[in-house]
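S.K.: Pasting a structure here, questions to come.
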Amino acid sequence: MTRSDVIAAIATPPGRGGIGVVRVSGRNLQSLALKVAGCVPEPRRASLTRFRDENDRVIDQGIALYFPAPQSYTGEEVLELQGHGGPAVMNLLLASCLSAGARLAQPGEFTLRAFLNNKLDLAQAESVADLIDASTEEAARCAIRSLQGEFSNAIHTSVQALTDLRMLVEASLDFSEEEIEFISGRELEFRLEHIRQQLEQVFSAARQGSLLREGIWIALVGQPNVGKSSLLNRLAGEEVALVTEVPGTTRDVIRQVIEIEGVPMHLLDTAGLRETEDAIEKMGMARTRSTIDKASIVLLLVDSRVGITPEDQAILASLPPGLRLIVVHNKTDLLESPPNSTVSTATATADIWVSAKTGAGIGSLQQGLLEMIGWQPSTGEGAFMARQRHLSALTAARTHLEAACALANSLDQVELFAEELRLAQLALSSITGEFSADDLLGEIFSRFCIGK
């Protein structure tokens, strides 16, 4: 694969649709445009034309758009051919482009070229895929903020502050024998604290964005017939799981995605845990335990009329250590006066009293889930769509900055101090792609859809 040849791909989803788009990018597209569209469209103006195959037979009639370099998505010449969105028509139109000299684009190659041509930085490029994959409105808003450069601008601000500070520190090293004070101790302390505060704000916004992107996985566990499926249906707002009076009805894991304040919640209704000789039910319980291992939060449902039983205690004892846990006391509609719900973020535990039948206490459960994951609505409104690699880079930058702060007052440790600043800057620069290995770029863009 080269980065200067002509590439083409169907840019719209597979299947039938009113409109389908074939996108072409590269150099000297006039020849291809003449062969396929019969004309070279006027830049940035829609041209109605007939599309033809390699034997000059008419494939379709549609719109051709031409964007000259560098005023295009990729920074190269771009030709977009809009035809009727049937699979046969789109495949014929793509084949015509390939026979005219293009090759099939790799997944994410259009956006990769936009990155390589400085139309987008790496964080913005990733936000393109995140915007396409957004499962909630808030996640989509968060992704567009990153695409517009808000995340990148915040990173650039911290990188520039580190660059300015490094310049003064490096000057002190280069002219250590001269009686010149390039930066005072007070100024150094002020700048370090300012950068630290900047990083904390960026990390907080990025973490909120990560919740919007990844969501949270929640396993509903408990003994048979305590209301797990009823609670799933109540949270989902529809009947997605069968509810009966017969214990052991749920044999497999049922997954349902809901959103609470824009945060995707992946609910996993599991088979009830109990002693049984039923082979199929045993298989369901084995899947339940596997699901628990993958979950971020476990909702342990118990019957509020009897409280936590020895069987429930056995389930609690089998949970992985450190797992966030909410004990959901269900069927409060059968109690005269249920206790108040409590949430402890310090211990990552909560006791919530609900009625899956009437909906009482469901609001408290939803808020408890948000508190448990550390969701902050005020921060979420300005969140950046962040991936795990972004959080890892920010964490590394914070670690190196803390190490630099610890060395700031050691006159004989100036070189180590300067190195920690450099490493912090390097970690931040990897987010926007100012410093990124080729294998990282390949990993990122390979996850895009073809045609983007």
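Placement of Cβ uses the backbone N, Cα and C atoms for every residue, glycine included.
For reference, Swiss-Prot lists these features for the protein:
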BINDING   Arg23, Glu80, Lys119, Lys452  (6S)-5-formyl-5,6,7,8-tetrahydrofolate binding site
BINDING   Asn225, Thr244, Val246, Thr249  K(+) binding site
BINDING   225-230, 244-250, 269-272  GTP binding site
BINDING   Ser229, Thr250  Mg(2+) binding site
DOMAIN    215-374  domain 'TrmE-type G'
S.K.: For the binding-site residues Arg23, Lys119, Lys228, which one has its C-beta crowded by the most other C-beta atoms within 10 angstroms?
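M.R.: Of Arg23, Lys119, Lys228, the one with the most crowded Cβ is Lys228.
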S.K.: Using DSSP, would you call Ser229 (Mg(2+) binding site) helix, strand or coil?
M.R.: helix
S.K.: Would you count the other CB atoms within 10 A of the CB of Glu80 ((6S)-5-formyl-5,6,7,8-tetrahydrofolate binding site), including those on all shown protein chains?
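M.R.: I count 19 other Cβ atoms within 10 Å of it.
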S.K.: According to DSSP, folded down to helix, strand and coil, what is Glu80 ((6S)-5-formyl-5,6,7,8-tetrahydrofolate binding site)?
M.R.: strand
S.K.: At the level of the C-alpha atoms, what whole-angstrom distance separates Glu80 ((6S)-5-formyl-5,6,7,8-tetrahydrofolate binding site) and Lys228 (GTP binding site)?
M.R.: 50
S.K.: If you count the C-beta atoms lying within 10 Å of each candidate's C-beta, which of the binding-site residues Asn225, Ser229 ends up with the smallest number?
M.R.: Asn225
S.K.: Look up Arg23 ((6S)-5-formyl-5,6,7,8-tetrahydrofolate binding site) in the DSSP assignment and report helix, strand or coil.
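M.R.: It is in a strand.
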S.K.: Using the alpha carbons only, what distance in Å do you get between Arg23 ((6S)-5-formyl-5,6,7,8-tetrahydrofolate binding site) and Lys228 (GTP binding site) once rounded?
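M.R.: Given the Cα positions, Arg23 ((6S)-5-formyl-5,6,7,8-tetrahydrofolate binding site) is 48 Å from Lys228 (GTP binding site).
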